[in-house]
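Each remark here refers to the structure printed beneath this line.
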Amino acid sequence: MSASLFWKCSCPRRITLCPHWRPCQRLRVSLRHAPHLKRCAATLRVAAGSHDVPLAWPGLAHFLEHLLFLGTERFPVEQGLMAYVRAQGGQLNARTCERATEFFFELPASAFAGGLERLCEMLAQPRMSLEDQHREREVLHAEFIAWSRDATAQRQFALFDGLHAAHPLRAFHAGNRYSLNLPNNAFQQALQQFHREYYQAGQMVLSLAGPQPLEELRALAERYGSCLPSGQHLEQTAPPALMTTGNQTYQQLSGQRLDLLFALERLPAGATAAVDFLCTWLQSAKPGGLLAELQQRQLAHSLKATLLYEFAGQALLHLEFDLTSVAASAPVQVRELLTEWLGFFSAQADWAPLREEYVLLQQRQIEVASALELSRRDSRQAADGLDESGLAALKQVLKQLQPQAVEHFSHDWRLPPANPFLRSTIEAPRAGLIRGQTSAHRGLRTFAQDRSRGRKESSALSFSQALPADPSGSALTLRWQLASPAPMGLHARLLRSLATLRDDARQAGVELIFTSCGKDWLLKLHGLPSPMPAVLLQALKALGRPAESFWQEQASVNAEAPLLTIRQLLKAFSEQPQPDSPAQPDPEALQALWASARWDGLGLALPAAIQEALSRTLQQMPGTADATLCRPVPAGTGQQWQNLPGSAGEHALLLFYPVPSASLADEAAWRLLGQLCQTPFYQRLRVELQLGYGVFSAVRQRNGRTGLLFGVQSPGATVTEILQHIAQFLEHLPEQLQALDEPSWNDQQQALAQQLQPATLPLDQAMELLWQAKLAGHSSDYLPQLQGCIEALTPAIVIQAARQLREAAGGCSALANRPCPGTPWQVAE
């Protein structure tokens, strides 16, 4: 029996609910029409997760999520959703949570129907052969080993130690070789029953978001959603109490990290929005708030408030503090101030100003969200504000957090002021005085001086016309090339000083990123263009001349938990860290660094008025404008090996093979080669050889050079063995490509060419492509030229590129957590 559907349709400024709503019998469908989107996304959320499986089979839900990607009779794995999305340049993932499992992907509109068809097919008709199960169980076991060795994951799991032992949050749910007893008939029956009971329409929500009209989205949902099995909605079993000791809070202290956890029970509808509302203001660093007072008293550097868990009226609130010292009195003082602030916050009358601000924050997040983010948001039925039910839930949350009223306050608490970037933009100031002038000399400043500086800045900052101006999304990248190494830890301190500004900018729809890449410092802004000049102005002030308090602050010594090894390697590959100067950072050292630095930049899709405002703002830019910074990096040769220190753990390796030349024809061939590599590389090393779950290949660009990046993290294979497996794969790659039929070639070639069309190219991808093209010295029509080169490719050209790859014709760079294995590899200088 096929599924029937009920609808929730939304488009800008209009939400309508269709009348036929039978949640106990029908697939729930949410549709969002957003004309500014360049891509489409689908999220299918199943109301069943790790806590819903039989106690005898921990990990079964996560295991099933993996199995569903292994193909169906109609779409075998090489034609399934994962391979299809990769070939179309999209993205996909899945996530098994405590009480839900999500499957989601994003694709160009032209390929969206094929993705939705494969998604619904794989959930409704999985193959789940025993052979597939054995292979995938080993992948899960590798994941489990990595999880058990990952400090961040273990620290997160340990947060639940204070809960009632019978609560499922305390249990093991990851799944491994021993908990997934495949030969046992009882396990196989449980697996089939879990899929049959929960993977049916009554237990699902399908959310679609894209630029198509609602009628088109609805037709897609009807066509492909109807293939899902029909069924009744099942009530999930309510868990036991989070805590049974009477005290609903506990703390954990490790070094300078303080974790406070609060168990909340019997919460009404609207609790998720209520806790999010509370967390928004609780962790605000604005003057008069809790974090500002903690920083003022030098008790804590940072505060992060998170809802760790929410289901059936239960919630677990987590407050993470980065303390400034290990003094025994610090946690006590932090809790006392928290109690005061909660008392102050609870005493407010319905929080009208903050509720208005919160609505604006939610609206702004919707404005700048991608199709994938919108579909995931809609699948969770996230609130757009704090309505009356949310207000009632907030009062209940605060009552449980702060049972007794606070009568006397030791501090003059204040509600956070409005975000300055949300309601209006700040006019960038005109040029100030020349060094040495006073206000009395202002009339003596010549327009020629202003124009001269402006011309230099304008020539150093170029505005690409590759994408049209877009009031819904623009990008700006600024680069400083440092003449000498920065003083020790200076970049990290500057980055921390931008934290409050980054939060305000993000709330206003602008992502602000300050990072390093080799000898360069990069400042990137991405999102709504209207707040960008004001955000940039504040960033340049903070970076160019930090406040006196910046130099007086005690540096945070609470080290971040290490990333997974493969992620450490990827971070190092991107940032190319350089040794700092041993000099201590001080105001004089910073000004000397800026005085010798040169800068340039690139803007994309910026409206003319914003370009003008940014040009004025850049008069505050430290360093010297220089339009000649981009010099193409010469093609390399040889095989260089770099060992990343301090990244011990599972064996992990990245191999980067640059294109042998700077010609766009060669780049086009290698880009198509990279697309053709993805699925067979993953299939060979992850599925067949079962090296581990951290297996990928992709086209990457670094320092203006395009190449193919291969990555593997394995709990069993050594780095030398991983090298051998990759070499064997590359050895047979030309033969594999020769076996492809003509339709497969044409489909892949057409898909790659379409990904570069301005109408469908996402802003962040376009910006990265154009920035790397600038570094490589390509002309302004790089994108159409590259697209033309891709369309002109023949199989013979790509197969020749595969032979070049096999021979490392453009050289090869290895980044690993093990020493150089010797010839033909050389230790990188």
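Here the Cβ of each residue, glycine as well, is placed from N, Cα and C on the backbone.
Record note: Swiss-Prot gives His62, His66 as Zn(2+)-binding, and the candidate from Glu131, Glu143, Glu197, Glu215 in that site is Glu143. Taking the centroid of the Cβ atoms of His62, His66, Glu143 as the Zn(2+) site, the other same-chain residues with Cβ within 8 Å of it are Gly59, Phe63, Glu65, Thr96, Glu136, Val139, Leu140, Ala174, Gly175, Tyr693. Cβ contacts within 10 Å of His62 (Zn(2+) binding site), excluding its own Cβ and spanning all protein chains shown: 24. Rounded to a whole number, the C-alpha distance linking Glu143 (Zn(2+) binding site) with Glu65 (active site, proton acceptor) is 14 angstrom. Under the three-state DSSP scheme, His62 (Zn(2+) binding site) falls in the helix class.
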